[in-house]
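The structure appears below as structure tokens.
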């Protein structure tokens with residue numbers, strides 16, 4: 001990837017963040033939770049996008065961002081009320097901006113007409129704010145072609161100061177500037193040279209140079225690489241300020257620079273010769289070679305590399321006779337070290353000699369208030385960004401993955417090592433054992449921290465939902481309120497990325513099929529506005545996302561009829577309500593009697609189900625007629641650590657996620673009942689639960705295990721149903737690192753993932769729900785047939 | 001390990017090897033037969049460690065082992081080629097190969113040789129071979145009276161799981 005492409009990529013990454021911030025801000029404003037910071041943040045987001053887009057010549061994007069920004073500016077300055085209508089337009093504009101950004105990134109097209117219409121609405125808002133007659137909406141805007149934007153600096157939180165050139169260039173020739181130039185030691189460290197800069201400057205015109213040496217410390221305190229001199233240059237030139245700045249182009253960040261236009265003719269500085277220490281003057285003459293007293297540019301040439309030395313005076317074209325004469329009485333200083341020594345000797349006179357130049361240096365910053373001061377602007381920018389909370393860095397995901405793998409290894413080896421040590425007879429109370437304990441704690445902490453790097457709140461996905469709901473509601477003509485819950489639930493980044501698609505489809509489905517039309521809702525005695533709730537939570541070591549609507553619920557009669565008509569189920573099938581509800585996940589099933597723009601895109605619930613399954617997830621539906629339906633999607637928190645119970649099944653070791661376990665018990669003979677075929681039930685207090693023989697389900701043994709010799713583990717599946725898993729023995733309880741089986745092999749039915757135990761062997765982590773479900777499938781030939789149809 | 005670097009023009013043509021097409025192969029034994037894989041796909045060769053069997057896996061998948069923290073599926077190449085299942089011993093060898101992003105191990109009896117051959121040394125799989133062999137064998141080579149079959153590593157892992 002070339003450098004430009006990289007920058008471009010960064011720009012788009014940042015755009016995504018800015019867009020998220022923009023939308024979040026607008027929504028906050030809409031909900032009345034906004035303060036002026038929010039409005040500013042919103043403005044800044046658009047401004048940054050515009051700035052960046054300008055740098056990449058994304059004209060369409062820039063044009064739209066510009067008008068959007070202008071409107072936001074009206075809002076920011078309180079000329080425009082944040083009314084509901086205004087915010088609706090703004091939110092739609094944010095959507096359009098997002099489209100433009102993605103179009104710019106992927107080279108796609110956007111709906112130009114729509115954007116233009118939206119831009120027209122924005123302009124109308126601006127006009128409204130300004131108290132003008134709004135222009136005809138959608139009228140082609142002159143502004144869109146002549147948008148000014150600032151060079152890619154938009155990201156920084158300061159507004160570049162425009163320099164009014166016309167004013168500066170108005171009375172040429174004979175512009176006069178006072179330039180305060182205070183080099184930092186960085187400037188010299190970068191092999192730049194103040195004297196050269198000044199020489200270049202003097203080539204632009206005629207000027208006087210004052211050197212303020214008052215800050216030169218005594219020799220013992222002198223840092224040989226320090227910078228102590230300030231220069232004040234009064235320049236009369238026919239060039240503009242721009243031109244002057246060009247001279248400082250390479251040093252502007254390494255110096256303090258102040259350029260201000262001067263009124264009136266240049267006042268030839270009468271140098272208070274009395275104020276100049278004769279020694280310094282003499283030294284100066286020594287340094288400058290003593291031959292030529294034209295203190296123009298040449299004199300500075302001689303000063304090169306010698307910035308510790310005293311004061312340079314430029315008498316413009318005609319050298320100041322008096323000064324020259326004075327300087328001619330050069331003392332005997334032989335070298336730079338002599339000069340320094342002389343400076344040191346001067347100690348008592350320091351104050352006096354400093355008097356002349358010092359007031360100038362002090363006066364200058366006062367005048368800087370309204371002038372351009374580049375270095376200052378930069379410091380302000382730095383200090384403004386420094387305290388911002390939550391500083392972030394961008395890290396390649398691969399590096400984080402690598403780190404996670406390594407830490408996982410570390411944990412395994414640490415466990416292995418301590419196990420071996422104990423096997424070799426290490427005393428539990430020994431110091432080494434204590435060391436092992438501490439090491440274990442440390443590795444766990446490292447692991448937690450590393451895991452936390454990848455874990456992200458689902459907020460980033462939830463943030464996109466309001467827009468989706470707005471769009472879908474618009475198209476379907478329904479009024480929808482979105483409620484989100486648990487948006488800070490953390491889940492691995494890879495899961496987050498793949499969460500968006502199924503979630504989108506399910507929300508579409510909830511609005512399109514779940515919610516009734518407004519008039520039907522009113523007729524049913526419900527609020528006109530339907531509610532779609534999206535909630536995320538951790539459960540059983542997985543992330544569960546529920547999408548519920550308060551619509552009509554599933555019309556079971558209709559669903560069954562359609563499934564029967566399409567030959568998806570036998571016409572005489574006797575199905576439970578639950579089974580009927582889940583029919584909608586079968587391929588080729590669509591209840592919408594008329595294919596709508598939204599759901600007719602060929603993405604049925606079967607596709608949703610498959611994409612969730614591909615993630616190792618599951619989806620189910622519960623529905624109450626008249627009250628609404630809830631889709632529950634559960635996904636693994638990949639790469640997480642899992643607390644598991646280590647059990648023996650046949651000759652194998654299997655991990656059962658602790659979160660699914662309710663209790664364990666030793667079955668007694670009279671508690672286990674046969675229940676048709678091979679199925680068995682176990683009586684736990686008053687309830688009869690199916691007893692699932694794990695060894696047989698996993699194919700580790702063919703003979704049914706003896707219930708009384710094993711251990712029953714009571715588990716709760718995600719849908720709340722309970723079962724008992726029959727295993728041979730419980731080995732213990734341990735935290736294990738989840739290793740993907742998919743990476744090198746593929747999905748294994750009944751297995752969630754793998755892990756590596758202390759002995760270095762791979763153990764499989766049981767997918768409790770799947771094992772329980774397949775054991776039911778085994779018992780229901782009808783369901784097996786249906787499953788095959790679904791595959 | 002004799003003649004490891006001897007150029008071989010197996011199709012009878014004498015001639016210099018065009019190094020553009022020369023490639024190195026790792027040859028190994030399964031029972032009495034010799035096979036080879038492209039050395040570029042081999043990540044490492046290691047001894048046998050007991051594998052954890054996978055439920056519902058085809059019979060030629062021994063299970064998974066821990067390869068420095070990664071879960072590595074092991075394919076019994078003999079069983080995959082339709083021979084008798086290997087009964088792994090301490091002397092069995094696992095050749096760790098990479099196909100695209102997937103790593104897996106091939107269980108074989110022993111590694112025998114490293115060969116340098118040109119592409120034209122490779123003859124198409126004879127028609128005589130069974131369909132099963134044809135799926136996994138890209139071609140055969142004659143080498144000093146031995147016949148060595150080049151394994152098509154990408155076909156070895158079960159397809160259905162790869163698609164999942």
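Just so you know, glycine gets a Cβ as well, placed from its N, Cα and C.
TrEMBL labels come from automatic prediction, so no person has curated them.
Pulled from TrEMBL:
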| type | residues | note |
| --- | --- | --- |
| MOD_RES | A:47 | phosphohistidine |
| REGION | A:298-321 | region 'Disordered' |
| COMPBIAS | A:305-321 | compositional bias 'Acidic residues' |
| REGION | A:344-390 | region 'Disordered' |
| COMPBIAS | A:363-381 | compositional bias 'Basic and acidic residues' |
| DOMAIN | A:641-777 | domain 'CheW-like' |
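For the domain 'CheW-like' (A:641-777), the number of residues in each DSSP class (helix H, G, I; strand E, B; coil) is 20 helix, 68 strand, 49 coil. DSSP assigns the residue listed as 'phosphohistidine' to a helix in the three-state reduction. Around residue A:47 (phosphohistidine), a 10 Å sphere centred on its CB holds 24 further CB atoms from the protein chains shown. Mean pLDDT across the domain 'CheW-like' (A:641-777) comes to 83 in this model.
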